[in-house]
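J.: Quick one: structure below, then a few questions.
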Amino acid sequence: MAGSCQLNYEIVPIYAAILPPPIAPLPPPDVPFSSMPPTQTPGVVIGDNNNNNNNTERIVKIVVSSTVSVFIVIFLILILFLRKRKRKQQLKRTFQTSHQSTNEMISIEMLQYDFETIKLGTNGFSSENKIGQGGFGAVYKGKLPSGQEIAVKRLAKDSQQGDVEFRNEVLLVAKLHHRNLVRLLGFCMQNYERLPHL
């Protein structure tokens, strides 16, 4: 068998029924080229400023919220520290007040003098040693066996001041310290005698 080859040439396409109809050309654009939006191809970003702005805004929000959170935590820690410190100071004051009450009991006993010592120091409450008269009794000058000069107030026997009031007055005067006031050295409370002496 011998092969044969045939060549045929025509201007009309052989597969005319399969080809799509020709596309009409697009009209020219009225808008200048520079103002046209850029065309994007998949996977390629051309000049996306909006995305950059979103990233910047996101970073600013993160930094601001983190900074504010840190300041809030520091502020809360400071408040807790100050409350704890205030509580410690209140406990310290309470302890000092209770301790001071104990000291007052001890000091009231330490301030108490024997009546015979006071009587001897004022020369038996002689009228020569009397330096004044007050609403509650006479005041005498005297000298303790140690040589220290004292002023003794001898309360009148008809004084309305009770033992509790007398002790409170002694403690109050003992706490007073001023350059224009004499310091209370002690007191004597024996039988009906009440003698604060300065």
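Every residue, even glycine, has its Cβ placed from backbone N, Cα and C.
Just lifted these from TrEMBL, have a look:
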{"type": "BINDING", "residues": "Lys153", "note": "ATP binding site"}
{"type": "DOMAIN", "residues": "125-198", "note": "domain 'Protein kinase'"}
{"type": "TRANSMEM", "residues": "59-82", "note": "transmembrane segment"}
J.: Counting across all protein chains present, how many other Cβ atoms fall within 10 Å of the Cβ of the residue listed as 'ATP binding site'?
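T.: Excluding its own Cβ, the number within 10 Å is 17.
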J.: In the three-state scheme derived from DSSP, which category covers Lys153 (ATP binding site)?
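T.: DSSP assigns Lys153 (ATP binding site) to strand.
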